[in-house]
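Chemist: Would you mind keeping the following structure in view while I ask a few things?
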């Protein structure tokens with residue numbers, strides 16, 4: 001290789017190194033930032049999980065302490081002091097408060113229903129828990145508004161609803177209370193064929209149909 005060719009090659013190599021250096025100065029921070037983001041994201045994820053676990057642990061401990069009260073009155077008072085920090089915890093807390101209000105001495109059905117209706121009205125609560133709250137309201141006697149009760153039962157008895165069979169049974173009882181035996185019998189017959197109904201519920205429906213002087217099977 002001539003001296004001229006050697007010189008040209010050295011210059012070309014120097015130029016390439018210079019360009020690479022410039023590129024590193026211009027874009028070298030990108031992979032560094034990517035690494036920081038990846039590591040930072042992993043740290044944030046682990047911290048969030050730990051925080052969530054601690055939050056749930058604290059809530060669970062508070063609930064267990066409340067339920068360990070000497071009597072129902074003490075449990076009611078303790079549950080009233082427990083704070084929920086998300087909709088999932090609120091579901092658990094409201095159901096426990098309502099159950100405590102419905103049981104023991106000095107039970108308060110109205111307080112229980114108010115707690116359950118507030119839960120059902122919470123837009124962050126999942127549909128199945130809303131339905132559970134409404135069902136417990138109806139099992140506790142419903143509201144003072146007959147039309148509102150009918151709407152609740154209609155929602156609960158919709159096809160595919162999680163507590164449809166129990167809601168249909170309550171609709172039948174409501175029809176009987178209103179003096180509409182024909183509608184009650186129709187609903188009870190539906191229950192005898194309802195796939196989601198338990199054997200005990202079907203048996204109750206059949207017995208009530210017979211008690212009303214009708215046949216479980218439509219003519």
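Each residue's number is its place along the chain shown, starting with 1.
Cβ atoms here come from the backbone N, Cα and C positions, even for glycine.
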Chemist: Would you mind telling me which of 39-66, 67-94, 95-122 TrEMBL tags as coiled coil?
Modeler: 95-122
Chemist: State the residue range annotated as transmembrane segment by TrEMBL; the candidates are 27-45, 141-159.
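Modeler: Comparing 27-45, 141-159 with TrEMBL, transmembrane segment matches 27-45.
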